[in-house]
Amino acid sequence: MSQQKPHINLVVIGHVDHGKSTLVGHLLYRLGFVDEKTIKMLEEEAKKKGKESFKYAWLLDRLKEERERGVTIDLTFVKFETKKYYFTIIDAPGHRDFVKNMITGASQADAAILVVSARRGEFEAGMSAEGQTREHLILAKTMGIDQLIVAVNKMDATEPPYSKQRYEQIVAFLKKFMKSLGYKVDQIPFIPVSAWTGENLIERSPNMPWYNGPTLVEALDTYIQPPKKPVDKPLRIPIQNVYSIPGVGTVPVGRVETGVLKVGDKVVFMPPGVVGEVRSIEMHHQPLQQAEPGDNIGFNVRGISKKDIRRGDVAGHVDKPPTVAEEFTARIFVIWHPSAITVGYTPVIHAHTASIAARITEIQAKLDPRTGQVIEKNPQFLKAGDAAIVKFKPIKPMVIEKYSEFPQLGRFAMRDMGKTIGIGIVVDVKPAKVEIRAKK
């Protein structure tokens, strides 16, 4: 993998069974990141189980299992290259925890591929009130992902196959919805593909002569820009995992969101307030002297044991530590709730890699979702479709920052009853007092 090309974190989103895993698997295979032997083996295995059409999806699951078995400092991500960029696909999608992962994963993504099925009934299911196409688009927008490519998948399964009319119907419907969320739809390519046959992934499909836009890989190189690196901001690394590696020591793993981490730095982990010294940094098994925003790293710290820190903690420099919130004020949008949200309601807040319950202590104002203007002060309750300014008190210590200062740590989703209740951005934080304690 060349480290010379700009690096982009990509998330693949969309409704269950619309072909996300097949698309990623086929792409990896066609770009040469999986060998023929593995594909043949998977084909045999899939045939035996009568699941021939799942071979590329299986490929992804296989890669995932292999990776999960070997304990590596590396983050468990799938990588591939195009002519222009070096991509990491974060969280190759599964079913259950996907929205939860989408919330934590998307906050680290620079761009997204939305996969929608063109098959009759499937597209409609994804756009229904319970549909994940709709939910993932809303989440991606809140999580700050403006760079999007839409793959209109299963074009071989439309009626008739490769139907231009069906493609245009889907594009028109999606454009209208995405526009309402604030996406710049004229800057988003909609590519008719078949993840199963590989059409329009890399080469143009002869079956869709009516389409003259880019293939999926061309679109990745043309429409996506590498993120600008916020190197001048204070260091923030939300922790995803912590390993204790024999002969090495404690190794936290996470993505640098802002600032720069160097070997030899003293870092503090909040909320616990423990301090350690950085002995080494590694990315994709390569040692680094320093890590910058966008780098997914493992770093060995002296003076801290595995039990001192956990997923959801945030590392920063001792002189400008991450903010632990006593309470915070946020602008929220309610996506779904069976009845009404009142003061005292306690959803789980998913921000960066943390998930912590927080109680609503005050509903200050209801807003017009389109303009952000106050339409009612101190409303009694909020329901689906409402936007509001709300004050939260986390049940236990949690790092969260103002969106204006650290967008990556200032966005969140509210979850309850296995669903995303709402999304929000932090407008103000009342910091808690935390003692920073260096171990002798």
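We count from 1, first residue shown onward.
Any Cβ shown, glycine's included, is placed from N, Cα and C.
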Of 14-21, 46-53, 158-165, 222-229, the range Swiss-Prot labels region 'G1': 14-21
Stretch carrying region 'G3' according to Swiss-Prot (options 91-94, 179-182, 319-322, 375-378): 91-94
Per Swiss-Prot, the range holding region 'G2', considering 70-74, 100-104, 275-279, 405-409: 70-74
Listed range which Swiss-Prot flags as region 'G4', given the options 1-4, 153-156, 213-216: 153-156
